[in-house]
């Protein structure tokens, strides 16, 4: 196997390098730019409107003249007139569709709204904060405009103002600013957001407010380019350790997503999460009744097992594999895929960890998904199988062969994903090398299922590594010039060698349902 192919796997002489490479190579699977939790939100709540207002009436066309009058009135020395004007600006920004954010920014009202945050009137502060929240919910340029107007230091001051409505709206606004990316996240952290934010995690805070606080914590954890500093993570983790016990499903979902983002920050962050002793609370959430909780928990524990073997073992010791049958058979294909990804990282561990997968009885399910799953799930299953051929013992590989892995494995050679083709070819090559005296039986099965034809065709593939490996397999194992069982690199006995011998198959064949 060429060195660049070895780097795809996370278990070889340079195991940890392989883990990192494996994770880099499959970023499209679960560490892509898609957002599982919403990073920005607008406040369009109309419950505080007067009874005389009809909140269900759709807004009319944008009135530029009204905006001009509103901006002028917002600078009035009459407190009542000013409050009405700021409230009108907020209403313009609280429409369900296409709020005129750019029009309001262009009108020059931003500095006025920011100045209102320093008012002694909580109602004016609240309305201004609401308007700014919705402006900051827009594009990066619109969020930048709010920051440039000097809103962030004032929002941070308002976190200690004592008025819960103003505090909550300020938290919401800061959440939108932080959610724009790591630059604004770090800016808010430098200005000291953490301690005043975390003080709201207490039993006296209304549930809606606590949901917003938890959502802001998610945004603080979200970005990884760069990831939050270790000092920030250590400060946040005690709060997450409390929130993971909360009975509110929305808070629980955001808490687990926050942990999933932290565990996506590398082995150091993974270790901090482990030391916070939340893993034993994370793992049972894989069986939660809410699929959103399951999804977030699966991502979090999946990120942890991309770490070291020791970090992986802690998750295994928490009983995670007992949840895998339900996740692998889940009605949502996305969960199937992520569950197989999780297993692929276990099969890339040490030999005992590979054996744990077999002992859990889930290898037949992996092979079934390799055969019948959607293509993203099949790709993850191909990784899981190939990792066994590198990490596992020959008897474990033999068990996969007995479970019928070769036909669906060879079928993946017809896909258009060059990386997966290479992964499968490596796996086939490894299986044949381990087979020893049983290599002839394995080659016969590969030929019967059409795998040989596919390998022969791949000798013409445009990818150099693929066509060279295809040629190598044909030359070593399917050439009439050689005795199949005696080729260089093959084990001298059937799936044996200098590793523990393969136990005899029991009557009726192997049973991995236990």
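Here the Cβ of each residue, glycine as well, is placed from N, Cα and C on the backbone.
Residues or ranges marked as compositional bias 'Basic and acidic residues' in Swiss-Prot: 12-39.
Swiss-Prot lists 1-51 with the feature domain 'IBB', giving sequence analysis as the kind of evidence.
Feature annotation from Swiss-Prot assigns region 'Disordered' to 1-62 (among others).
Marked as region 'Disordered' by Swiss-Prot: 485-514 (among others).
The repeat 'ARM 1' annotation in Swiss-Prot covers 101-142. Mapped onto DSSP helix, strand and coil, the repeat 'ARM 1' (101-142) counts 31 helix, 0 strand, 11 coil.
Each residue of the repeat 'ARM 2' (143-187) gets a DSSP state, and the totals for helix, strand and coil are 35 helix, 0 strand, 10 coil. Look at Swiss-Prot and you will find 143-187 tagged as repeat 'ARM 2'.
Across the repeat 'ARM 3' (188-226), DSSP helix (H, G, I), strand (E, B) and coil residues number 24 helix, 0 strand, 15 coil. Feature annotation from Swiss-Prot assigns repeat 'ARM 3' to 188-226.
When Cβ-Cβ distances below 8 Å are used as the criterion, the repeat 'ARM 4' (227-271) is approached by residues 31, 36-37, 185, 189, 194, 198, 201, 207, 210-211, 214-215, 217-218, 220-221, 277-278, 281-282, 285, 290, 292-293, 296-297, 299-300, 303-304, 306-308, 311 of the same chain, each at least six residues removed from its ends. If you look up Swiss-Prot, you'll see 227-271 marked as repeat 'ARM 4'.
What Swiss-Prot records for 272-311 is repeat 'ARM 5'. With a threshold of 8 Å between CB atoms, the same-chain residues lying at least 6 positions outside the repeat 'ARM 5' (272-311) that come near it are 10, 15-16, 19, 22-23, 30, 36, 230, 233-234, 237-238, 240-241, 244-245, 249, 252-253, 256-257, 259-260, 262-264, 318-320, 323, 326-327, 330, 332, 334-335, 338-339, 341-342, 345-346, 349-350, 353.
For 312-353, the entry in Swiss-Prot reads repeat 'ARM 6'. Under DSSP, residues within the repeat 'ARM 6' (312-353) fall into helix, strand and coil as 32 helix, 0 strand, 10 coil.
What Swiss-Prot lists as repeat 'ARM 7' is 354-393.
If you look up Swiss-Prot, you'll see 394-436 marked as repeat 'ARM 8'.
Per-residue confidence over the domain 'IBB' (1-51) averages out at a pLDDT of 44. Taking H, G and I as helix, E and B as strand and the rest as coil, DSSP gives the repeat 'ARM 5' (272-311) the counts 30 helix, 0 strand, 10 coil.
For the repeat 'ARM 3' (188-226), same-chain residues at least 6 beyond its ends with a Cβ under 8 Å from one of its own Cβ atoms are 35, 37, 39, 41, 152-153, 156, 159-160, 164, 167-168, 171-172, 174-175, 177-179, 181-182, 232-233, 235-236, 239-240, 242-243, 246, 248, 250-251, 254-255, 257-259, 261-262, 264-265.
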